[in-house]
Ligand code: GLA
């Protein structure tokens, strides 16, 4: 019925997703299911073959996409890691080196040394550079609590954004201007806004103020609103998508200079409640506001998977490919960025063994193939 190989693959993927939603029967790994609520599907014969020698950035670029990853200066000083990174990445994201706590060791000065090092590294290797975050409730320095209050919060916010965005104007591709403003599961407000110091001191308009200030400081950068928990068909996921969409609609109707949504996409290999139709609908709604979409912090937590590495690697790779094959169908999605590249350096090390594309010795894993295959299937932008 599906003679064209791509159509056949897509159909197979849709069937696979239907399977994830419980509509077809697939092999289930007993080891995972015993005593657990959500089954993880394991396909021992699933094909992760990749054709050709091209790097991920080349495969992405062939479809008009950007592939990149987050890293900090101290890990890029490892030359083996840096070589792996520059081979595959078309974009370097500052993982922690541009957070408030890194550049603001005291209320009066700004230390751009690590960020500048990253910019130089990106330039030397022909990579785009991306900054995150200008405004966030976390990642703040210790002095923040003592120093910032109702009276001076606006001055601190405007000063920080202006100084930092101006410093990197012309070299930065995009900024997460505001990160994680919405936390439906923790918020008592109907708009789902998280109880951050910025909300407490400035009210909900801090978000708009942040975007307007960033646009003034760097009129060329792509300005992004970045958030999490947007991926699954769960009560939190559904409410978070609705709240984020409302916020974006409000910002757009106020003519706020915002250009894109960042979807963090910290996925969980054991979470099967992914609903392709809901995700497609959400992406379409965002795109119809005239916004681009970036997948900004992709990784796959492998907590609770079988001890067998080959088996758990297959499940992780499937999670990458199944998610991306849906998301990349939306042409407003312009970039896929992973939160780290090698399992040696990951924020997930407390609960995951192998969440990224390369192992701790910088060897490619099946997740790398999954990424390459997702780019292969993606329609051209
Ligand atoms: C959030 C933030 C990132 C990073 C990760 C993990 O997703 O947006 O900057 O801190 O948490 O640490």
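From the backbone N, Cα and C atoms, a Cβ is placed for every residue, glycine too.
In TrEMBL this protein carries:
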| type | residues | note |
| --- | --- | --- |
| DOMAIN | 50-374 | domain 'GH10' |
| ACT_SITE | 297 | active site, nucleophile |
Same chain, 6+ residues apart, C-beta under 8 Å of the C-beta of residue 297 (active site, nucleophile), given in sequence order: 70, 228, 262, 264, 265, 266, 337, 338, 339
Local confidence of the domain 'GH10' (50-374) - pLDDT mean: 98
